[in-house]
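Student: One structure follows; several queries about it will come next.
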Amino acid sequence: MKQVQTKRDWKKLAYDVVEEKMITKEDAIAILEADDTEVLEIMNAAYIIRHHHFGKKVKLNMIINTKSGLCPEDCGYCSQSIISEAPIDKYAWLTQEKIVEGAHEAIRRKAGTYCIVASGRRPTDKEVNHVIGAVKEIRETTDLKICCCLGFLNEDQAGRLAEAGVHRYNHNLDTHANNYDSICSTHTYDDRVDTVQKAKQAGISPCSGAIFGMGETIEERAEIAFELQRIDADSIPCNFLVAVKGTPLEGQKELTPVECLKVLAMMRFVNPTKEIRISGGREINLRSVQPIGLFAANSIFVGDYLTTAGQEPTADWGMIADLGFEIEECAL
């Protein structure tokens, strides 16, 4: 039987990264363009980097959708957008009591980080105060790390969230700057970068990632990883487009499981010390190879996403245990 020869020494590349030698954009593209038969070797190499920085720990995050739908923005991938016809639940803000209850559910699900998310372009000062009230109570009664994702922020709002005890702020870049106008016209790529920077300047750990599979090229996919490196995102959620019926991108071809694995590996090579989270689309796009993704990533969401269902927490706990990995509770 003819043996398949690998094109690159992926392990050597991984050890170079461990020794703090940054890979090039050409290296990142090579990972994404590698033959599918090489994917296990690539994931094994990515694990060398992952294990060096994070061992066998897996961080769990839980989302609460505190305000659903009713968003004036026209992001083509989003079922909560004003232009979406997807049949989702739409509701205004949950009470502070409900948000606090969600924190205790996060603990029951063994999550260490609780993500308070609200749809919309940007929060009003009154809405920020609403979140702050819940955050203060959660901080007083739990050891959870708190992440917020509320849309665009001004400097004052970012500062008040930091003062209240918000550890992390999520604002994804979503896609490559070259591709942004094709998915959204109501704000710009630079608007998103600006909010990440405002959160960081306020002393909040920045969380920013992308949604892969929205028409970006392979080269742009690699450049997204380097852009996230440039803005110094501490946590990088890797989402994979779920082409929801009723959204403008409903006909978009979704990435294959192997393509998703290559994205995760490439992201680990480019951002070796950062928390890399397998996020939206994990169950739908990775399917039966979900466990392999954790050889590059070190974080997942547990439970449901904003408008799509996740798998049962017990399934995630079992997957982590079956890999010989351990849940890292209450840690950023």
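Placed from the backbone N, Cα and C atoms, the Cβ positions cover glycine too.
Under the heading [4Fe-4S] cluster binding site, Swiss-Prot lists Cys71, Cys75, Cys78, citing sequence analysis as support. The [2Fe-2S] cluster binding site annotation in Swiss-Prot covers Cys115, Cys147, Cys207, Arg277, and the record cites sequence analysis as its basis. Summarising the annotation, Swiss-Prot assigns domain 'Radical SAM core' to 53-282.
Just tell me what is around each of these and how deep it sits.
Tutor: Non-local contacts of Cys78 ([4Fe-4S] cluster binding site) by the CB criterion (under 8 A, 6+ apart in sequence, same chain) comprise Cys71, Ser84, Thr247. In this structure, Cys78 ([4Fe-4S] cluster binding site) belongs to neither helix nor strand by DSSP; it is coil.
Every protein chain considered, the tally of other Cβ atoms within 10 Å of the Cβ of Arg277 ([2Fe-2S] cluster binding site) stands at 26. According to DSSP, Arg277 ([2Fe-2S] cluster binding site) is assigned to a strand segment.
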Student: In sequence order, what residues of the same chain, 6+ apart, have a Cβ less than 8 Å from the Cβ of Cys115 ([2Fe-2S] cluster binding site)?
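Tutor: Asn61, Met62, Ile63, Ile64, Cys147, Cys148, Cys149, Asn170, Phe301 - these are the non-local Cβ neighbours of Cys115 ([2Fe-2S] cluster binding site), listed in sequence order.
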Student: Rounded to the nearest angstrom, how far is the Cα of Cys75 ([4Fe-4S] cluster binding site) from the Cα of Cys207 ([2Fe-2S] cluster binding site)?
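Tutor: The Cα atom of Cys207 ([2Fe-2S] cluster binding site) is 19 Å away from the Cα atom of Cys75 ([4Fe-4S] cluster binding site).
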Student: Could you tell me the mean pLDDT the prediction assigns to the domain 'Radical SAM core' (53-282)?
Tutor: 95
Student: Fill in the CA-CA distance, Cys75 ([4Fe-4S] cluster binding site) to Arg277 ([2Fe-2S] cluster binding site), as an integer in Å.
Tutor: 22
